[in-house]
Amino acid sequence: MSLATRQHKNDESAREAPDVADTLAPLSQHDSALHDAESGKDNDTVEMPHSIFTPKEKWFLVSLASLSALFSPFTANIYLPIIPTISKDFHKSIELINLTVTMYMIIQGLAPMFWGTLSDHRGRRPIMITCLTTLSLSCVGLALVPTSAYWLLMLLRCFQAAGSASTYALGAGIIADISTPAERAGFIGIYGVGPMVGPTLGPVIGGVLSQRYHWRAIFWFLCISSALWGLVLFLQVPFFSFLPETLRAIVGNGSVPAGRIYTPLMPIVGRHRVTKLPGELPPRKPLTNPFTMLTYPDVFILLFTNGTFFAVFYGVTASLSTSFSEVYPHLTQTELGLCFLGIGGGMLIGTVLSGKLMDANYRKIRDNLAPQAQTEPKKAIDPGSPHDSFPIERARLLITPYLVAVYTSCVIGYGWSLQAKVSIAVPLILQIIMGAAVVSMMNAITALLVDLVPHQGSSITACNNVVRCLMGAGMVTVINPIISAMGTGWAYVFLCGLCVLVTPLIWVEVRWGPIWRERRLKARQHTAGPSHEVPPA
């Protein structure tokens, strides 16, 4: 059969095949571009869309990624209520059992550096399958671990961290694949809901399961939930397999067919729309050392600033149970767990509001630059090309200084309210505002990090994770001695001082970030040669 005949048959089958996704949502502008391209209308001027997914499909994929990322903090925090019980059963001191928490945090920070980089090269879908499988199997081992094998408990906790923690970086990579900078902030805001719910629900569910059944029930619960989620998303259960491959080096904008491991058996979302204009595949990036991104000045500033905000927040959270049990001794263990809901609720509010605010700031700056772009064609309005001069740093970080002011004020008020032993309603209300402010700050920085290196979305998120986890682990180590030495009120004033000290770095990023970004691009272009166009990172 000739090539022309095969092409003709493919075109006919493409026209006849019904598209299930189109029954779920109307075609977006991107799909209209595909239709025009297929019809042969202005083939010289029609541009392929950034992604074939409709807006509703994108939101659905982001929601799936958010629920997958929930496993990272949820697995870490569900373990905390059973530490005293495990200490008794294993006949080990609290300090030795806490060492399993420390090791978990270390692996939680380091593992995404490996998995995230690998997913930027091999694809999101197979790596996510591997991570969820590792998590599920490690939970089986933890549920069956003998109480005489403390070393095995430690080892399995490391494997558990390696499997669960990487889902966060992989989800951020999916967002980088399917979104443009104009819509990315809103996606990251919704994506943050899952990771923020984990620390809130983890202690509550862990306490209930261990009290109602046994501490081993926690690991059986994690095993079953992670396995079922993996089956639903990836292992091609009929009618319930949703997540396709999104890595642009493998599927382009989603229109390039990939191998079976990259494609669900029943592709409900993002069915391949075959066109006469094949989707372009960017060159597959070789495996690189993600730690090299720490040498980028603009990236390092963002990582250090975000790590400081996270460490202070983690210090407040880690000391919550101890502080509340001392100030309000009438609270039961279950009631102490419920006190975490204030922070969690605030974080949920912040994830939604921060995305909308960042998108609004982006559109405002873009519209203000539109007249300038007409007189200076070299000025790019939509940041997506390697030569973009759009001030993405200002668009993302515009609201951050105001959020720092709100956050530090609430943390100081929170500390002094505990020291003054006022009504419990006061610190709980302040928790809500704190949670909303801190997650908004971290989402803004995370969105900018992905904007700076969009083709390594998982790798940069992994770098962000390792810096946050290591700084957070350090804060957990020193927070109780600080409170004991200074008192609750002054201790939180000291923590807020750390946030204030790093806030000027935001101005440095806005002022010098575009210059560093341009220099990095020119260096990459010089290395690649004048005839090659390189991605932003």
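Cβ atoms here come from the backbone N, Cα and C positions, even for glycine.
Positions annotated as region 'Disordered' by TrEMBL: 1-22.
Per TrEMBL, compositional bias 'Basic and acidic residues' is recorded for 8-18.
Residues or ranges marked as transmembrane segment in TrEMBL: 59-84 (among others).
Under the heading domain 'Major facilitator superfamily (MFS) profile', TrEMBL lists 61-511.
The feature transmembrane segment is assigned by TrEMBL to 96-115 (among others). Same-chain neighbours of the transmembrane segment (96-115): 72, 76, 79-80, 83, 86-87, 90, 127, 130-131, 150, 153-154, 157-158, 160-162, 164-166, 168-170, 290-291, 458-459, 461-463, 465-470, 472-473, 476, counting only residues six or more beyond its ends whose CB sits under 8 Å from a CB of the stretch.
Sequence-distant contacts of the transmembrane segment (127-145), counting only residues of its own chain at least 6 positions beyond either end whose CB sits under 8 Å from a CB of the stretch, comprise 68, 71, 75, 115, 118-119, 152-153, 156-157, 159-160, 162-164, 166-167, 170, 216, 219-220, 222-223, 226-227, 229-230, 233-235, 243. TrEMBL lists 127-145 (among others) with the feature transmembrane segment.
Positions annotated as transmembrane segment by TrEMBL: 187-205 (among others).
Look at TrEMBL and you will find 217-240 (among others) tagged as transmembrane segment.
Tertiary proximity for the transmembrane segment (294-316) is limited to same-chain residues at least six positions away from its ends with a CB under 8 Å from its CB atoms, namely 393, 407, 411, 414, 434, 438, 441-442, 445-446, 448-449, 452-453, 460, 463-464, 467-468, 470-472, 474-476, 479, 492, 495-496, 498-499, 502-503, 505-506, 508-509, 512-513, 516-517, 520. Look at TrEMBL and you will find 294-316 (among others) tagged as transmembrane segment.
TrEMBL lists 336-355 (among others) with the feature transmembrane segment.
Here TrEMBL flags 397-416 (among others) as transmembrane segment.
Taken from TrEMBL, the feature transmembrane segment applies to 428-453 (among others). Within the chain, the transmembrane segment (428-453) has long-range Cβ neighbours (under 8 A, six or more residues past its boundaries) at 172, 175-176, 181, 184-185, 188-189, 192, 196, 293, 296, 298-299, 302-303, 305-306, 309-310, 313, 316, 339, 342-351, 353-355, 357-358, 383, 392-393, 396-397, 399-400, 403-404, 406-407, 410-411, 413-414, 417, 459-461, 463-464, 509, 517, 536-537.
Here TrEMBL flags 489-510 (among others) as transmembrane segment. Same-chain residues lying 6 or more positions outside the transmembrane segment (489-510) and placing a CB less than 8 Å from one of its CB atoms are 298, 301-302, 304-305, 308-309, 311-312, 315-316, 391, 393-394, 397, 400-401, 404, 407-408, 411-412, 414-416, 418-420, 448, 479, 482-483.
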